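In Swiss-Prot this protein carries:
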- 1-22: signal peptide (SIGNAL)
- 26-58: disulfide bond (DISULFID)
- 39-166: disulfide bond (DISULFID)
- 98-117: disulfide bond (DISULFID)
């Protein structure tokens, strides 16, 4: 009977670790040689390659925008966009187009494809805002009930990027 508890704990513990992953952890797990790639992604420069895909997958998962297999979590992305956009639903078409493109790719490339696609849409600024606000929320640096304030978010992100050497 005791071995069953061990199996359950062994299966649940990795899930708990994945859920508590922060974006800063994704940066720390990247090799020093890939630091410029990470910084390019954090500055919303479209960057391709294995290191970029790996980092984007990690931070999209940390934000709750993707699952571990690379599948985009549409409802989470839309909820984050709702938090920064006053015109409800303007960005839904962009999310759906990018989601459709990403679904056709292997799991390791989906998050990067979706991220890059969103940066090429009319909703690019809203997507950036949503990513940044969500990163601050996940890091417990933004009170959950506080309304979005672009200038405050941008200031906090500059400080965070500076700490991450980006």
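Cβ coordinates are placed from backbone N, Cα and C, and glycine is handled just like the others.
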Ask   = Are there residues of the same chain, six or more positions away from residue 98 (disulfide bond), whose CB falls under 8 angstroms from its CB, and which are they?
value = 72, 113, 114, 117, 118, 121
Note = Counting Cβ atoms within 10 Å of each Cβ, the densest environment among the disulfide-bonded residues 26, 39 belongs to 26
Ask   = Residues with Cβ closer than 8 Å to the Cβ of residue 166 (disulfide bond), same chain and 6+ apart in sequence?
value = 27, 35, 38, 39, 42, 43
Request  = Write out the long-range same-chain contacts of residue 58 (disulfide bond), meaning residues 6 or more apart in sequence whose Cβ is under 8 Å from its Cβ.
outcome  = 21, 23, 25, 26, 29
Ask   = What does DSSP say about residue 98 (disulfide bond): helix, strand or coil?
value = helix
